[in-house]
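Features of the protein shown, as given by Swiss-Prot:
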- Asp32, Glu219: Mg(2+) binding site (BINDING)
- Asp32: active site (ACT_SITE)
- 33-37, Arg45, His49, 77-79, Trp81, Arg83, Arg200, 206-208: substrate binding site (BINDING)
- Asn80: active site, proton acceptor (ACT_SITE)
Amino acid sequence: MRLNNLQLKNNLNLSNKLDKERIPEHIAIIMDGNGRWATKKGLPRSFGHNKGVSVLKEIIKASKNIDCKVLTVYAFSTENWIRPSNEVDFLINLFEKVLKKEISEIHQESIKIKFIGDLSPLPNSLKLLIKSSEALTNNNKKFTLNICVNYGGRQEIVKAAKEIAIKSSSGKIKPSDIDEQLFNSELLTKGSMDPELLIRTSGEKRISNFLLWQLAYSEIYVTDVLWPDFTESEFLKAIIDYQSRNRRFGGIESLSNESFEDSCYSSLSKND
């Protein structure tokens, strides 16, 4: 995607506002709005999906440029099978077409690619391509691209619970062994850090069964911009917004025990 001088200048200005010490290492994105984008333009929904692929390539590059380590994108959910069959077929064919075309460049860019989800319903040709692509890029360390295909957060949690139950009933583990670390090890995302930032395009304020366990403490950024219109500038705005927040993980902001007690005493005194 060619950028004009104004866009390049805008991207540079936004990049200069970033705190290089507070770049999120793992960013997750719900890429929403392809169909609506196409419909608004009087085009078939397939045009939106094709444009969405171009945008993803731009955002992968932007993620690497700011030294983000992991990008996880929601490409196809377990619920997406209920869409019209012609759209589902188009999307599955698009995955295969794009992966065939881009895998060499992905490898050359030292990107490790991983597909997350239940891949069993996919065509054999796509499953073989996914397997070979993951094997080819497995030793790449600079950047990881996780693509969630036929993925559902609830299904992932249920699967992990079943695996733990089987191991417990067979005596491989004791109930007392079960903790967050063990549960994490049974998830499809095992070995990957949790996202610090979730970006959702299209203005929808929900997480749509995406990474339900992993997003427990993620900052969430929602933009009204539809995914095909999502640019590097919009991406950088999300990072800047993230950096303006104070991640407390359930705690409180810079408040010592003494000041908390003083605050409580002061409130009680006012009520006397």
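The backbone N, Cα and C atoms fix where each Cβ goes, and this holds for glycine too.
The structure, with features from Swiss-Prot marked on it.
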residue: Asp32; record: Mg(2+) binding site; DSSP (3 states): coil
residue: Trp37; record: substrate binding site; DSSP (3 states): helix
residue: Thr78; record: substrate binding site; DSSP (3 states): helix
residue: Arg200; record: substrate binding site; DSSP (3 states): strand
residue: Ile207; record: substrate binding site; DSSP (3 states): coil
residue: Glu219; record: Mg(2+) binding site; DSSP (3 states): strand
Recorded positions clustered about Asp32 (Mg(2+) binding site) [Cα within 10 Å; pool: Thr78, Asn80, Trp81, Arg200, Ile207]: Arg200
Cβ neighbours within the same chain of Glu219 (Mg(2+) binding site) - under 8 Å, at least six residues apart: Glu196, Leu197, Leu198, Tyr242, Arg245, Arg247
Binding-site residues: His49, Arg200 - member with fewest neighbouring CB atoms within 10 Å: His49
In the chain carrying Asn80 (active site, proton acceptor), residues 6 or more apart in sequence that have Cβ under 8 angstroms from it: Val88, Leu91, Asn150
Same chain, 6+ residues apart, C-beta under 8 Å of the C-beta of Gly33 (substrate binding site), given in sequence order: Gly48, Thr201, Ser202, Val225, Leu226, Trp227, Pro228, Asp229
